[in-house]
Every structure is written in structure tokens, then in C-alpha cells.
Amino acid sequence: VHLTPEEKVAVTTLWGKVNVDEVGGEALGRLLVVYPWTQRFFESFGDLSNPDAVMGNPKVKAHGKKVLGAFSDGLNHLDNLKGTFAQLSELHCDKLHVDPENFKLLGNVLVCVLAHHFGKEFTPQVQAAYQKVVAGVANALAHKYH
């Protein structure tokens, strides 16, 4: 991902304020509610029958935290996202058979959740930087599919 020095500062400064537990669960939950076909990858998570069940599901929250933990790792290795996400790309491609388009959807949902949590602090410039990052992460996660 090619970020300007200002964009890197914007991304890392905001990320330092992110509650990974809360934002991760909300982002994954929203993905499952807004794009219900993604629920098929989470059938073992129990009740996903309605938005309240999804958003309150402890397994969704726990996995969302795990997802954002990996995203945090990516933010520490912006110059090597493909290497950072190589194993996760392989897992999602070969074993889980996740449609790589879902990585883009989750990235965009994450941007929405960050905007919701940070309001005016999530300026258009910050959003532009985050859109670059989530696109780069989605691309890295889709790498093994090519």
C-alpha cells in the first residue's frame, strides 16, 4: 500500500484509539447482517437468525476481535501486506473457500464502523487513507486465489 507520510500518521493515530474488541465485533456483525450470504462461513457460530442475534453473538464478537488483531498486524507491516497475510490468504482460499470479494466487503464495513465511532475525527482525508489500507489488505488476502 502506498501511503503518504501524512496518511500513515492519520491511519496509525486513529488506530491507536480503536477499541479492537468493540469495533471488531461490530464490523464482523455488520458484515453478516448487511451481506447475509456471508453467514454461511459462520454456521458453527450458533444463532445468526436476526440482526440482534448476530450483533449479540459472543462468537461473532470474538472472531471480530481476532480479525481486527490481524488487521492491526497488517498496519505494522504496510510495506509487506502480501507477506503478512500469506498464511491467512492460504487458509481462506484452500481450506475455508471464502469468496475473496468478501474481504472487500468487510473492509468497507470496517470503514463505516470507524466513521460511526469517530465522527468528525474521521475526516475525508482519514477515510481516503483507510480505504487504501482496506483495499491493500483485501488484495493481500486474495493473493493466493490468483
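Here the Cβ of each residue, glycine as well, is placed from N, Cα and C on the backbone.
Annotation comment: Swiss-Prot describes H63, H92 as heme b binding site. Taking Cβ-Cβ distances under 8 Å and a sequence gap of 6 or more within the same chain, the neighbours of H63 (heme b binding site) are G24, L28, F42, F45.
The domain 'Globin' annotation in Swiss-Prot covers 2-146, and the record cites sequence analysis as its basis. Mapped onto DSSP helix, strand and coil, the domain 'Globin' (2-146) counts 119 helix, 0 strand, 26 coil.
Listed in sequence order, L78, D79, L81, K132, V133, A135, G136 are the same-chain residues at least 6 apart in sequence whose CB falls under 8 Å from the CB of V1 (N-acetylvaline). The N-acetylvaline annotation in Swiss-Prot covers V1.
For T12, the entry in Swiss-Prot reads phosphothreonine, with the evidence type similarity to another entry.
Annotation source Swiss-Prot lists phosphoserine at S44. In sequence order, K59 are the residues near S44 (phosphoserine), counting only same-chain partners six or more apart with C-beta under 8 A.
Annotation source Swiss-Prot lists N6-acetyllysine at K59 (among others).
The N6-acetyllysine annotation in Swiss-Prot covers K82 (among others) and rests on similarity to another entry.
Residues or ranges marked as S-nitrosocysteine in Swiss-Prot: C93.
The N6-acetyllysine annotation in Swiss-Prot covers K144 (among others) and rests on similarity to another entry.
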Practice problem: Give me the mean pLDDT over the domain 'Globin' (2-146), rounded to a whole number. | Solution: 89
Quiz item: In whole Å, how far is K82 (N6-acetyllysine) from C93 (S-nitrosocysteine) when you measure between their Cα atoms?
Solution: 14
